[in-house]
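As recorded in TrEMBL:
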REGION    420-447  region 'Disordered'
TRANSMEM  82-100  transmembrane segment
TRANSMEM  112-133  transmembrane segment
TRANSMEM  145-164  transmembrane segment
TRANSMEM  204-224  transmembrane segment
TRANSMEM  230-251  transmembrane segment
TRANSMEM  258-278  transmembrane segment
TRANSMEM  290-318  transmembrane segment
TRANSMEM  330-356  transmembrane segment
TRANSMEM  376-398  transmembrane segment
Amino acid sequence: MNRLPTALLSALEAAIAAVVGLAALLVPMSLLWAVQFGMSTDFAVFWRATGVVWLLGHGADVTMTLDEAFAATVGLDQSARTFPVTVALLGLGLVTALFARRIGVRATRAGHPVVGIVSAALVVGAIGSLVAATSTSAATEPGSVQAALLPALVAGVAAAVGAIGESLRAGALDAEEPGPIALRVALLPHGLVSGVRAAFRGGVGAAALLLGAAAIVVAVSVFVRFADVVAVFQALQTGVVGGIAVSVAQLSVLPNIVVWAAAWLLGPGFAVGAGSAIGPTEQVAGAVPALPIAALLPAGTGIGLVCLVVPISAGVAAGMLLQRSERSDAGIAVTAARAGGAALVAASLLALAAWWSGGAIGPGRLGEVGPDPLAVLLFALGAVGVPLVAAATIAAAVDARDLARLPQSRILPTDRYDVGARGGSAVPTPTPTPTSNAKAVATSPEPAEATARVAAAVAAATGVVGPMRADPGRSDPGPASTP
């Protein structure tokens with residue numbers, strides 16, 4: 001595919017990604033405007049709220065200024081009326097990232113990954129600038145630079161991840177137009193490429209396992225405390241349409257809650273205000289926002305450090321899966337190195353998610369919400385990385401021991417065939433039989449028919465038409481017949 005169609009298709013899909021995220025917010029806002037307010041209020045207010053939330057979902061900071069009367073009602077000083085909101089609503093950014101990753105994959109398959117990445121970033125950045133320009137008011141002021149750069153960064157990085165992943169995929173060079181990334185990857189040493197691929201897969205797998213377990217914890221908390229969640233909903237008295245708007249807002253912040261739950265399982269926990277700490281070993285919390293999802297906060301220390309079983313299990317499972325997928329020719333040292341890389345990837349991803357999910361959500365003590373990224377990084381290295389490396393290394397050592405115990409005659413039975421020795425035909429070469437394995441060779445059943453099938457497969461792979469004929473009474477069945 002040419003560059004122009006690739007650029008146009010990538011730009012179209014990036015625009016669709018932005019529209020989908022905006023529509024998910026604008027639809028309930030429009031219902032709220034039409035049903036709750038009877039279309040009597042200026043619709044621009046609801047559009048600005050939609051744009052601000054969408055920009056927050058992509059990491060852009062928004063400066064909020066409360067009305068003087070409202071600030072006096074809630075007991076805020078006049079100096080505290082203006083405050084930044086920096087927490088990123090990960091649900092909205094995740095929608096854009098998923099679309100952008102597909103853009104990177106498709107552009108790579110078309111042979112122009114850079115074109116797809118740049119197109120996606122430019123379109124999403126332009127939409128971010130437009131949204132920021134139309135969402136600015138006396139109450140909300142998005143940062144114009146961040147509104148253009150951060151949505152573009154989300155789309156560009158996600159598209160680049162998709163492009164690089166597709167280029168590292170086995171068989172990427174077999175595409176009709178491999179593309180520059182795949183061609184450059186092909187020039188690198190095979191061991192380096194396979195090692196990076198294994199480390200990336202193992203790290204992503206470990207982080208995904210822990211986040212999946214955290215999502216299960218959140219789901220169980222919703223089930224157990226459903227009555228408390230409903231009670232908060234009823235206390236808000238939002239009505240049906242207002243309840244829909246609140247639900248959409250909570251869905252956009254749900255990935256943040258999952259990341260916070262993962263930080264809680266790791267040990268450092270998270271904060272819901274300056275001076276607060278919610279973790280498995282301590283519980284110091286003050287006033288929290290009156291949202292139904294706040295009812296899911298843990299009520300006490302409870303199980304304590306027993307929760308570390310979850311990240312340790314995730315690391316062990318990821319390490320065993322890493323060794324199983326790479327056990328073909330990797331030794332113990334190579335496996336340990338790949339597992340170490342996977343541990344760094346997993347810890348870095350979890351720390352990045354912790355940093356992206358936290359920030360400020362209000363004035364005063366609400367200026368510090370979320371987990372500490374550095375603490376998450378260190379705890380993840382210990383609770384996920386160390387078990388990952390240990391499990392992969394032990395599994396590699398066990399495989400090496402089992403392989404050493406196998407008789408030589410049962411390791412590679414096709415090694416006796418020297419392909420290409422006689423004009424491209426498969427020629428059997430005698431394999432020396434070790435004295436210690438003589439009994440195993442003598443007692444192991446190996447019919448001539450099985451030998452013939454193996455030789456025929458080797459001959460077919462080299463382009464030989466005629467099958468190899470094996471005579472049970474001969475030690476050398478001879479070359480395959482050729483036309």
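Cβ from N, Cα, C; glycine included.
Keep in mind that TrEMBL annotations are predicted by a computer and have not been checked by a curator.
Computed from a predicted structure; not experimentally measured.
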(message) Under 8 Å between C-beta atoms and at least six residues away from its ends: which parts of the chain pack against the transmembrane segment (145-164)?
(response) 10, 14, 17-18, 55, 58-61, 93, 96-105, 107-108, 113, 116-118, 120-129, 131-132, 181
(request) Return the stretch with the most CB pairs under 8 A relative to the transmembrane segment (204-224), choosing among 82-100, 112-133, 330-356. (result) 330-356
(message) As a test: from 82-100, 112-133, 330-356, 376-398, pick the stretch that has the greatest number of Cβ pairs under 8 Å with the transmembrane segment (258-278).
(response) 376-398
(request) Quickly jot the same-chain residues contacting the transmembrane segment (330-356) by Cβ under 8 Å, restricted to those at least six beyond its ends, or write none. (result) 59, 88, 90, 93, 191, 195-196, 198-207, 210-211, 259, 262-263, 266, 315, 318-319, 322-323, 370-374, 376-377, 380-381, 384-386, 388-389, 391-393, 395-397, 400
(message) At a C-beta cut-off of under 8 Å, are there same-chain residues at least 6 beyond the transmembrane segment (82-100) that contact it? List them, or none.
(response) 13-14, 16-18, 20-21, 24-25, 53-54, 56-59, 61-66, 120, 124, 151, 154-159, 162, 251-256, 259, 353, 356-364, 367, 369-370
(request) Quickly jot the same-chain residues contacting the transmembrane segment (112-133) by Cβ under 8 Å, restricted to those at least six beyond its ends, or write none. (result) 1, 3, 6-8, 10-11, 13-15, 17-18, 22, 51, 54-55, 58, 60, 96, 100, 103-104, 106, 142-144, 147-156, 159-160, 163, 166-167, 177, 179-181
